[in-house]
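Over in Swiss-Prot, the protein carries these features:
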type	residues	note
BINDING	Gly172, Gly173, Ala174, Gly175, Val176, Gly177, Lys178, Thr179	ATP binding site
MOD_RES	Thr6	phosphothreonine
MOD_RES	Ser13	phosphoserine
Amino acid sequence: MRINPTTSDPGVSILENKNLGRIAQIIGPVLDVAFPPGKMPNIYNALVVKGRDTLGEEINVTCEVQQLLGNNRVRAVAMSATEGLKRGMDVVDMGTPLSVPVGGATLGRIFNVLGEPVDNLGPVDTRTTSPIHKSAPAFIQLDTKLSIFETGIKVVDLLAPYRRGGKIGLFGGAGVGKTVLIMELINNIAKAHGGVSVFGGVGERTREGNDLYMEMKESGVINEQNLAESKVALVYGQMNEPPGARMRVGLTALTMAEYFRDVNEQDVLLFIDNIFRFVQAGSEVSALLGRMPSAVGYQPTLSTEMGSLQERITSTKKGSITSIQAVYVPADDLTDPAPATTFAHLDATTVLSRGLAAKGIYPAVDPLDSTSTMLQPRIVGEEHYETAQQVKQTLQRYKELQDIIAILGLDELSEEDRLTVARARKIERFLSQPFFVAEVFTGSPGKYVGLAETIRGFKLILSGELDSLPEQAFYLVGNIDEATAKATNL
């Protein structure tokens, strides 16, 4: 591990024996830098611009080389605002890619894309750093075992189970509960698996990032008294940051997660909220770098950029990175190139439905649209598979009958269909669950439901043993015993 030139002691002069260039052109967040002949920096090298603006304020901007243009010029993308920069300013080639602090020192802290702490809690130990650009693990290092990653959330574990070391997409428009679901998962993983999480906030609202941090402190995921006991490291490149920062902050978070996996040999959860913003930042920069746009104005390198991030998220023989990525779907159009490219990399999809959120069923996970490659009898077992299929069939039949019910009413249905509808409505409500992180809003304590309990509960509903209970008894409860207890009080 090398000393990090971008975050090391600012008192040390970095100009000695360094490759010096000068700014030749500035186009928004993109800089052209001229270097002496034969002294061109490598692609992805970090460049640092230091100087003073017209008001005498100090400027310190880090950039990343993207293209070698010829005529001894390189084109670089700035990781922070370029206000105050002017032509002719000195630029230092650091000789290495951006490097960020990794290891236990990162837990409980908030970082920016450069690995600098932004939480006003003092400096971070930067003796152990790692470059953000790496190749994916070799095939021989990969772990091919298939195992389920239990989340304690009924609808997820039963109908679209997550794979340990897999990639999961959380799909949904604005305001259907993606961020709350992510927070619940961080909470459950910390408590049930004792694992660490890394949260990458890519191009989302700063307010939400702040709320998440405050709620993590309240729920104990971040331990203020002893930061080393915290379960999560946070890396933010929010909406107000330049596209360079939003484009690379996902890699910064991933680099921190890789260290926990490869060196500490831990199981890690990597959250990316939102992967769409990673693509969006790439498309903002792409045109300025002089690339021809492709479909819908996205960058022509869309699938390559996505692949270079996603292929590093995997399980090795040492540990695993399970990644949960919120995917904003522009205008709810799943065929848009950004979500469509993301789909290719995912093992499971959790689709959030506005219709369920409107009914007050939270988490608003759509049981019919959510999918998982893990839902196979040879992986999850015959009992789990059969229960999940029966639940889906019951809900699908209810969906088909809804038009008839809306026009003619329940009375026109056959006895069998009426029973199916009654059970489907119970299942729909039983798929809801009180969350630990939502206790503050709902007042009801959160529930973690193990997979065996979940399967037992749905089997009882499907068998007809609970047909006599009112459907309200199944709403926002944990396991099936709580539903029967609630029914006696109704």
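All positions are counted from 1 along the displayed chain.
For all residues, glycine too, the Cβ spot is worked out from N, Cα and C.
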Item to check | ATP site shell beyond Gly172, Gly173, Ala174, Gly175, Val176, Gly177, Lys178, Thr179, criterion: Cβ within 8 Å of Cβ centroid | outcome: Leu352, Ala357
Checklist entry - Judged by the number of other CB atoms within 10 angstroms, which among Gly172, Gly173, Gly177 is the least packed of the binding-site residues? => result Gly173
Checklist entry - Sequence gap of 6 or more, C-beta under 8 Å: which same-chain residues meet both conditions with respect to Val176 (ATP binding site)? => result Leu352, Ser353, Arg354, Ala357, Ala364
